[in-house]
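Pasting in a structure now, in structure tokens, and then I'll have a few things to ask.
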């Protein structure tokens, strides 16, 4: 037995097409061709039989057509004048070209590729011009081991003609009527009983055809249209239907090393190396025959593949999903789709154990481990592991959106985005969470949601170690470290690090408040504000301080509160260096330096430096007192006044003077007291220059100059500048002792 001594290379399994042949393939078939070629190349790389990337693969991955022009240039000058003479000779001999006829070029090419994949098991060698076979012999062409074949003139014409359709023979010129020396002898690994087996079968007027470099023999009758394909490997017989089928498959990694056949049909026990062979075999059970053999009982080897190809060309959908009703033109596409419903993921990554429902998805995943990104964007230099990802990315620069929604006309850069968008109109939510039953219209949303149950946060910041459940959140967070603010407001020029923050900011200019409370009707520009507001009505306070146990209805309030315990004051005033724990406090403080009072009361025209001060002041006019003491029921217009009042009931005095030990119930009282020790008098009268340590004393003194007497006696209507003076005066009417 002659063994194949050299390692299989990509050239051995590559199949190229001419312009004419590619014109017969629709988009689905062209995609299938590309996938098969790329899969063969990756399998060779994985087993170490290919150390470089051929130009053909690079061109296929970039979906370019330059390679077709090159092949046309290489072969065009040899196939012009010769074709007419060869076709005349072939028709005279009663032969037909099956490359573009009943047997499609696609089926022949795939069969050639599958046979080349197994060429490591036997060596094919052709030499010489003389043969022991007559032009017409009386037996099926089952060639035995060690037999020589001489190709006659008609045979040579056919061989040369087949060479025009097959791109396996590249850059070789074969004159009409001649066969290269490398073809003249064929050594096949079969039994030595060839002559006996040929003589025992009574089939007349058969002519042998052989394809270059491949041990495939087809017998075409002068009187019938039967197509019988002979090959070195014996035809596999189906026990249920009795028909013979061919294994037509690309090179796979498993079949090279183990010979394992993992794809088995439901109708019979026949097993195959790949799914495409299984799909072709299943057509036999469906009773599909080649048009060339429609008048006979016997099926041809390729008959199962022809109806599938015809349905793809015509766009007819013959296979339907019982789960969702989606239609497909090929049963293989239906089976792949059904894994969406069953959850089956037969393709597993050996590096990380992740599984996929399609082999193409596994190949796309593998570069994640290698880190290889050979495809670079010419515009921004960004790298990608797949050419398809690069093509999709390029649409960001070109603005191309080729996928349009027929309902609303919205455009998308990716088909998957369009499909997900269409579910908005249909309301379809096919993806269901197994833990809580929640349904989603997009699989990515389901995967993201599942991290809520698993608490998985796979995306980690290299700078601070913070983890995120979404890659998008990580990218947004990283801008905190880089200071990048790619989103600019055209109105005010303000920059933002995230698109969501930018969109929320734009509502400041537009005044849009899309989030409205159903209870009180109040509107909000951001959903987070709206959700926090709703807790005012529900009383929910889900955020708890771990130090003191205090609860808050908003996470931001909790973060601000925690700085009370840590003493952190990240917001510094550039004028005086004073620190603040909250940004709002810093903004309020800065008005002290600028003197700005942008908030104006519409009732009395009084102005304030802070919005909170304006809101507190407006309650003077409305009489609103929303802050009520739970102990005595007394109400106050300001929260700070309520907090001071509550100390009366508790007797608590948490603020202590370190100089004299005196305690105070309010921090302002402690601050005013400390000026007794320091002698500080920050409040100075501009009229007389007198200084005061407390603001209340300063305000009282100013009434001396203004003549204001706001405290009026209810009995005699006499006015006083100080409350204490009024209280002293009232004793005159009550008869109290001085």
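The backbone N, Cα and C atoms fix where each Cβ goes, glycine too.
Sharing the record's features from Swiss-Prot:
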type	residues	note
DOMAIN	8-79	domain 'KRAB'
ZN_FING	263-285	zinc finger
ZN_FING	347-369	zinc finger
ZN_FING	375-397	zinc finger
ZN_FING	403-425	zinc finger
ZN_FING	431-453	zinc finger
ZN_FING	459-481	zinc finger
ZN_FING	487-509	zinc finger
ZN_FING	543-565	zinc finger
ZN_FING	627-649	zinc finger
ZN_FING	655-677	zinc finger
ZN_FING	683-705	zinc finger
ZN_FING	711-733	zinc finger
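Have a look at these and tell me how they're positioned relative to everything else.
For the domain 'KRAB' (8-79), the mean pLDDT of the prediction comes to 65.
Within the same chain, residues 392, 395-396, 441-442 sit at least 6 positions outside the zinc finger (403-425) and bring their C-beta atoms closer than 8 Å to a C-beta of that stretch.
Counting residues per DSSP class in helix, strand and coil order gives 11 helix, 4 strand, 8 coil for the zinc finger (431-453).
Remote same-chain partners of the zinc finger (459-481), defined as residues 6 or more beyond its termini with a Cβ less than 8 Å from a stretch Cβ, comprise 448, 451, 497-498.
Packing against the zinc finger (487-509) from elsewhere in the chain are residues 476, 479-480, 525-526: each is 6 or more residues past its ends and has a CB under 8 Å from a CB in it.
Packing against the zinc finger (543-565) from elsewhere in the chain are residues 532, 535-536, 581-582: each is 6 or more residues past its ends and has a CB under 8 Å from a CB in it.
Mapped onto DSSP classes, the zinc finger (627-649) shows 11 helix, 4 strand, 8 coil.
For the zinc finger (655-677), the DSSP-based tally of helix, strand and coil residues reads 11 helix, 4 strand, 8 coil.
Counting residues per DSSP class in helix, strand and coil order gives 11 helix, 4 strand, 8 coil for the zinc finger (683-705).
With DSSP states grouped into helix (H, G, I), strand (E, B) and coil, the zinc finger (711-733) comes out at 11 helix, 4 strand, 8 coil.
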Same chain only, please: residues at least 6 beyond the ends of the zinc finger (655-677) with a C-beta under 8 Å from a C-beta of the stretch. Say none if there are none.
644, 647, 693-694
Is the zinc finger (347-369) packed against any residues at least 6 beyond its ends, judged by a Cβ distance under 8 Å, and which are they?
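Here the qualifying positions are 35, 38-39, 42, 336, 339-340, 385-386.
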Is it possible to list how many residues within the zinc finger (375-397) are helical, extended or coil according to DSSP?
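DSSP composition of the zinc finger (375-397): 11 helix, 4 strand, 8 coil.
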Give residue numbers and ranges for long-range contacts of the zinc finger (431-453): same chain, 6 or more residues beyond its ends, CB-CB under 8 A.
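Counting only partners 6 or more residues beyond its ends, the zinc finger (431-453) has Cβ contacts under 8 Å with 420, 423-424, 469-470.
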Mind checking which residues of the chain, 6+ beyond the ends of the zinc finger (711-733), have their Cβ under 8 Å from one of its Cβ atoms?
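Distant Cβ neighbours of the zinc finger (711-733) are 700, 703-704.
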With DSSP as the reference, give the number of residues of the zinc finger (543-565) in helix, strand and coil.
11 helix, 4 strand, 8 coil
